[in-house]
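Features of the protein shown, as given by Swiss-Prot:
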type: TRANSMEM; residues: 33-53; note: transmembrane segment
type: TRANSMEM; residues: 77-98; note: transmembrane segment
type: BINDING; residues: His83, His182; note: heme b b562 binding site
type: BINDING; residues: His97, His196; note: heme b b566 binding site
type: TRANSMEM; residues: 113-133; note: transmembrane segment
type: TRANSMEM; residues: 178-198; note: transmembrane segment
type: BINDING; residues: His201; note: ubiquinone binding site
type: TRANSMEM; residues: 226-246; note: transmembrane segment
type: TRANSMEM; residues: 288-308; note: transmembrane segment
type: TRANSMEM; residues: 320-340; note: transmembrane segment
type: TRANSMEM; residues: 347-367; note: transmembrane segment
Amino acid sequence: MASLRKTHPLLKIANHALVDLPAPLNISAWWNFGSLLGLCLASQIVTGLFLAMHYTSDISTAFSSVTHICRDVNYGWMIRNMHANGASFFFICIYLHIGRGLYYGSYLYKETWNIGVILFLLTMMTAFVGYVLPWGQMSFWGATVITNLLSAVPYAGEALVQWIWGGFSVDNATLTRFFAFHFLLPFVVLAATLLHLLFLHETGSNNPAGLNSDADKVPFHPYFSYKDLLGFAILLLALTSFALFAPNLLGDPDNFIPANPLVTPPHIKPEWYFLFAYAILRSIPNKLGGVLALLFSILVLMLVPLLHTSKMRGSTYRPLTQLLFWALVADVLILTWIGGMPVEAPYIVIGQLASLIYFSIFLAFLPLAGLLENQALK
């Protein structure tokens, strides 16, 4: 008689995804980040749910309700620190996951890749509306600056901004709806994650060699389930250490000041994980141009599968592409640094150069390197 996990309508799905899934034998630790992102999402939903039980989405009480959570709620400080730093770890895992996909050519699974990019955009939206909720100075001014970007939309811009604000400025209506969105979006992310997995399991995982691995697969459990558990332990250790020892290291000190529409902070900047895109936005002097560059800095990922010219899949045996990949990594780090700097003398031109290099690598250098390497193979 067949096991229940193979016959039960629900357990059968879980079995095919987590137990009997054929996985390539040679996938490295770079393939751990998908499951780590699942762990981050679960952790964020659980901690977020407990925070939502005590948070009030009203401008007169939002800031003090967060203070109340940290002071008066049992382990409230811990839940809040886990949630705030959990977002940072979420994005660290996302960037490593995307980097792995770019390096090893996983983007050639087009449906999986494109849903991944949509997931990335959804996660960015979720993090943005979440950052507004504590109603500190940076929350308020960040919301004002970023929502204002929509005014660059021709003809409908002004109406669009006021529609999102629910008035003529960022006010109570804005905070209330942002809380509603922040509660809803993680579940949309969860649904999109299931689609991401569904499409991945249609093809199976890629591997470091970039070759077909049908002849050499092992069951996901116990091999990769235990490998993932090790990753879970490392991530949770790092996250709890951060939440306990350096909870405010990645935050902005300005957010400890309650929101004041009459006082603008000296440097308005988003959380560290958005700085690279913020730098690209600022490097273009035209408002609409900047907004388009900001959008395209993420959407350019959708073009990567279309611009793949090489006969080989991954970068494992392609030295030129490897060089460009690491140049891209360095470039994103430079953009992240520039995004946190004031708009003045050396930083402006560095940001513009780094933005130009960012798009050039994606749109020109990588496809050209692929063609060159094809020639070298002949």
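Backbone N, Cα and C define each Cβ position, glycine as well.
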Intrachain residues whose Cβ lies under 8 Å of the transmembrane segment (77-98), provided they are six or more past its termini: 30, 33-34, 36-37, 40-41, 43-44, 47-48, 50-51, 66, 69-71, 116, 120, 123, 127, 130, 235, 238-240, 242-244, 247, 250-251, 271-273, 301, 332
Neighbouring C-beta atoms (10 Å sphere around the C-beta of His196 (heme b b566 binding site)): 21
The transmembrane segment (288-308) vs the transmembrane segment (113-133): 3 or more CB pairs under 8 Å: yes
For His97 (heme b b566 binding site), the one of His83, His182, His201 that lies nearest, given that the binding-site residues are compared by Cα: His201
For the transmembrane segment (113-133), sequence-distant contacts whose Cβ falls under 8 Å of one of its Cβ atoms, 6 or more beyond its ends: 55, 57, 62, 66, 87, 90-91, 94, 97-98, 101, 106-107, 139-140, 142-143, 146, 174-175, 178-179, 181-182, 185-186, 188-189, 192-193, 195-196, 199, 270-271, 273-274, 298-299, 301-302, 304-305
Pairwise CA distance, His201 (ubiquinone binding site) versus His182 (heme b b562 binding site), rounded so that it is a whole Å: 29
Fewest Cβ neighbours within 10 Å, where candidates are the binding-site residues His83, His97, His182, His201: His201
Alpha-carbon distance [His83 (heme b b562 binding site); His196 (heme b b566 binding site)] in Å: 24
